[in-house]
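Undergrad: One structure, as structure tokens, below. Some questions next.
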Amino acid sequence: MSRVYNFSAGPSMLPESVLKKASAEMLDYEGSGQSVMEMSHRSKVYDAIIKGAESTLRQVMGIPDNYKVLFLQGGASSQFAAVPMNLMTKSHKADYVLSGQFSTKAYKEGSRYGDCKAVASSKEDNFSHIPSLDQNEFRPDADYFHICLNNTIYGTVWNELPDTGEVPLVADISSCILSRPINVSKFGLLYAGAQKNVAPAGLTIVIVREDLLGEPQEGTPTMFNYKVMAENESMYNTPPCWPIYICKLVLEWIRDEIGGLEKMEERNVRKAQVLYDFLDSSKLFKGCAAPDSRSIMNATFVTGDPDLDAKFVKESTAAGFVNLKGHRSVGGMRASIYNAMPPEGVASLVDFMRKFEAENA
Ligand code: PLP
């Protein structure tokens, strides 16, 4: 069977060269006589893998030395709790912007650990754009200010970061990590589930400024304690060994085959442009996100007729374009076009949409 173009919001496609390399190394990783899945995380051979993953992440993202990189488990959803447990320790206040379902979940979870304030929301417009901000709503004594940089379900992205002054900016970057360069020094903390742009599910990356690593709130489980995880170089317990190994291969793919994050961004912008240009000229399909908030990772669109949407999803699946059904809260379709989606995948999808339009408009 030939491979399909998988437009899933995550877990999603991985670069073919990464899959081939992992497969070639499956039975005997670098002469160790075993696969990465089978080896001790305390072995010398695995130590080189986890250290290599971290150093390549630092190199590719340009992470300053005063930031710690943590390889954790529990998904981005665990960070909805871990962030307040570790950072909401002074004023016990935190500001949140509600730009979609995940940021709302983060806000609700955070509210269990302190005084969280929703300083802006675009819920009334079904999160079709990044909310406009009123700086007077921001609390200067908040322990942090939380945003979700790319809203996977709605297909929106922050193009300009909020100015939070001295208050550390915390961002969920699950669906845009490694999609383009990011100025890490503008953030106090970044976190991401790996299963979209980095690796298979099971790995969560946290990048945190060292001075924010203090004593967490009382009762914080050891596994959620950033300081403990940092002191143990993400090896307090058994780390997600296999996803960390794939993460290393994906980073090497970005660095060596793509040519770094600037090139990755150029490729992603070109891909997204092909799809958005078609949506803007289509007589049948219409993009859901406000043009100034459009994500280059997730594009949401509808025909306006739920039956026709369902027909499109059915026919596109049969043609080898899978997982295009939109999230239930938006309906319609969503094409997640993460890093590993080849440009030909998007071009072929647009050809298919054009044909569908001709037959159904
Ligand atoms: N945040 C964002 C932006 C997401 O897209 C997702 C999952 O799709 C999550 C958080 C939840 O991540 P996880 O399933 O790793 O907990």
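Heads up, the Cβ atoms here are built off N, Cα and C, so glycines get one too.
Pulled the feature table from TrEMBL, pasting it below:
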type	residues	note
BINDING	R42	L-glutamate binding site
BINDING	A76, S77, F102, T152, D172, Q195, N237, T238	pyridoxal 5'-phosphate binding site
DOMAIN	4-348	domain 'Aminotransferase class V'
MOD_RES	K196	N6-(pyridoxal phosphate)lysine
Undergrad: Output: those binding-site residues from S77, F102, T152, D172, T238 whose CB lies less than 6 Å from an atom of ligand 1, in sequence order; none if no residue fits.
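TA: Those binding-site residues that pass the cut-off, since their Cβ is under 6 Å from ligand 1, are S77, F102, T152, D172.
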Undergrad: Consider the recorded positions S77, F102, D172, K196, T238 and say which one has the Cα lying nearest the Cα of R42 (L-glutamate binding site).
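TA: Nearest listed residue in space: T238.
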Undergrad: Reduced to three states, what secondary structure does DSSP give D172 (pyridoxal 5'-phosphate binding site)?
TA: strand
Undergrad: Sequence gap of 6 or more, Cβ distance under 8 Å: name the residues on the same chain that satisfy this around Q195 (pyridoxal 5'-phosphate binding site), in order along the sequence.
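TA: G10, P11, S12, A201, G202 - these are the non-local Cβ neighbours of Q195 (pyridoxal 5'-phosphate binding site), listed in sequence order.
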Undergrad: What's the CA-CA gap between D172 (pyridoxal 5'-phosphate binding site) and the residue listed as 'N6-(pyridoxal phosphate)lysine' in angstrom, rounded?
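TA: Distance (Cα to Cα, whole Å): 13 Å.
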Undergrad: Please give the pyridoxal 5'-phosphate site's span as the largest CA-CA distance among A76, S77, F102, T152, D172, Q195, N237, T238, to the nearest whole angstrom.
TA: 30
Undergrad: Can you check what DSSP calls S77 (pyridoxal 5'-phosphate binding site), collapsed to helix, strand or coil?
TA: helix
Undergrad: Around the C-beta of the residue listed as 'N6-(pyridoxal phosphate)lysine', how many further C-beta atoms are within 10 angstroms, looking at every protein chain?
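TA: A 10 Å sphere around the Cβ of the residue listed as 'N6-(pyridoxal phosphate)lysine' contains 30 other Cβ atoms.
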Undergrad: Run through the Cβ atoms and count how many others sit within 10 Å of the one on T152 (pyridoxal 5'-phosphate binding site).
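TA: Excluding its own Cβ, the number within 10 Å is 24.
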Undergrad: Could you tell me the mean pLDDT over the domain 'Aminotransferase class V' (4-348), as a whole number?
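TA: Here the predicted model's pLDDT, averaged over the domain 'Aminotransferase class V' (4-348), is 98.
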Undergrad: For the C-alpha pair, I'd like the distance in angstrom between F102 (pyridoxal 5'-phosphate binding site) and K196 (N6-(pyridoxal phosphate)lysine), rounded off.
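TA: It is 15 Å, counting Cα to Cα.
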Undergrad: How long is the line from the C-alpha of T152 (pyridoxal 5'-phosphate binding site) to the C-alpha of K196 (N6-(pyridoxal phosphate)lysine), rounded to the nearest angstrom?
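TA: Approximately 10 Å lies between the Cα of T152 (pyridoxal 5'-phosphate binding site) and that of K196 (N6-(pyridoxal phosphate)lysine).
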Undergrad: Pick from S77, N237, T238: which of these binding-site residues has the biggest number of other Cβ atoms within 10 Å of its Cβ?
TA: S77
Undergrad: Give the helix, strand or coil assignment DSSP yields for N237 (pyridoxal 5'-phosphate binding site).
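TA: For N237 (pyridoxal 5'-phosphate binding site) - judged by DSSP and reduced to three states - the answer is coil.
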